[in-house]
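First up is the structure itself, then whatever we jot down about it.
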Amino acid sequence: MKKIRNFCIIAHIDHGKSTLADRLLGATQTVTAREEKAQLLDNMDLERERGITIKSHAIQMEYKYKGEEYILNLIDTPGHVDFSYEVSRSIAACEGALLIVDAAQSIQAQTISNLYLALENDLEIIPVLNKVDLPSANPEEVSDDIIDLLGCKLEDIIHASGKTGFGVENILAAIIEKIPPPKGDPEEPLQALIFDSVYNPFRGIEVIFRVVNGEIKKGQKIKFMATDNEYFADEIGTLKLNQVPKNVVSAGDVGYLISGIKEAREVKVGDTITDAKVPTTNMITGFEDVKPMVFAGIYPVDTEDYEDLRSSMEKLQLNDASLVFTPESSAALGFGFRCGFLGMLHMEIIQERLEREFDMTVITTVPNVSYLAYTKKEPEKALIVNNPSDLPEPSKLDRVEEPFIKATIITKADFVGNVMSLCIEKRGLITNQTYLTTERVELNFDMPLAEIVFDFYDRLKTVSKGYASFDYSPIGMRTSKLVKLDVLLNAQTVDALSALIHEDNAYNIGKKMTEKLRELIPRQQFDIPIQAAIGAKIIARETIKALRKDVTAKCYGGDISRKRKLLEKQKKGKKRMRQVGNVEIPQEAFMAVLKLND
């Protein structure tokens, strides 16, 4: 146990976590030169393409230091704000963390938020200054920033470069010297924390865990404490680049377990594994469920694929503990699910993974957040509104509360004005402004979460020329003037396009929505009115003109009554068509409504 070190890597997006992890694997000869490729641990195609880490990955390395063999368990974590739960999960399984800061970009908002997560869990922090070989690197200034943030000494900061491999030996030495070995007693009853699970179509669910106390043996009967289900440990082992089966995994180590579990619901991340015969009395605490921030409907394009979609979602949920979904139905789209996501990036990723890994083509509706509505009848009782169609009628409504967040934005001093006006346009309230250095400013805003859901992140990057970084944490519900905006096509409400928005923006959004839909819905044989309404009041209207046949073409001689007869006949036909005709909405129309401000 004294020779084990568990650590994770935390950093802002693109500060070089995955590349540095590759170098560590190379230096410890965990991977041969032949297996080496960039972003070795990002094994989803999607992660490679976007160059981001989505899942945390665990891998074991062996390293000789001063003549002794050490076992290092590395857990690579994502840097994006949407995936901070992945980070918190990995942090729970470690004793130390490498805090990586890009020498060119300095400290960003997420560096700080992930650092606080690590400090709350009492991890030993090793600061690493990455990318020092870049011509634009500014190591002296950035070192000062790190010292201000951590209160460490200048000589504690390790200079490194993931690209060239410079400084990797120093990092490994620091991990062994500074990070404490895991605490725990191999003699006590088994107690292990599940921090990840993966679905394997042939072998069922692979559970990835870290043993806190005791040891787990092959063939032992074990129990999951949250569900009280018992299983046999058919195969256990440690994780190198591939799985290495072992007969016993003891306290302090990270390993995997296969016991032929097929049901996704039986494995809960954050659960405790214990021995079925001699169970431990207490569960491992300090692991809370993630709360989804953004809700959207996901529907199969073909209603018959509903069951396939359900099983695909369950398999995704295994690998992604933060995805929540409940069945719902919509008049326009049939049966589907209302899903909760951590943010817009998460929603896009889930949609892409459904398409890639499970061949499901899905329609997503307008994303929204979760509101609380109070009626005049019972002003004390809160109704949870995840779907705009659940909102009570305006006449019965007393008030609506929406979730607010505290946003921290770090930007260059030149862009403060732009960032402020963007936040104020999004109904933000500035609470604090501090200059970290003469160049960098930290702004704090209280903002409604709903305003961030759409395109806030992209627009923030645009107004700050890519320099601003952004992080947020929820601060509770506040009362707001919200209205439900309905879209009517051919006088019928399309429930999938409804949205809850602030009263002041209603007219603008309604107008934009109708204009956008007019461009995207194909013309029919009859006029289609597109209306935006609040309750019974229509606030904007556009009409898609009918395609018409020239019925008078065959009349030569120009007798007006003959022409009129044919035109009247056509008019009657169009009227009848309009009564029975229904309008198909293409998927592009749903997606375009989300991106109204472009």
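FYI, residue positions are counted from 1 along the chain as it appears here.
A Cβ is built for glycine as well, from the same backbone N, Cα and C atoms used for every other residue.
Database features (Swiss-Prot):
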type    : residues                                                                 : note
DOMAIN  : 2-183                                                                    : domain 'tr-type G'
BINDING : ASP14, HIS15, GLY16, LYS17, SER18, THR19, ASN130, LYS131, VAL132, ASP133 : GTP binding site
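Within the set of binding-site residues (SER18, ASN130), the lowest number of other Cβ atoms found within 10 Å of a Cβ is recorded at SER18. Taking the binding-site residues ASP14, GLY16, VAL132 in turn, the residue surrounded by the fewest other Cβ atoms inside 10 Å of its Cβ turns out to be ASP14.
For the recorded site, ASN130 (GTP binding site), the DSSP three-state label reads strand. When pLDDT values are averaged over the domain 'tr-type G' (2-183), the model yields 74. In this structure, ASP14 (GTP binding site) belongs to neither helix nor strand by DSSP; it is coil.
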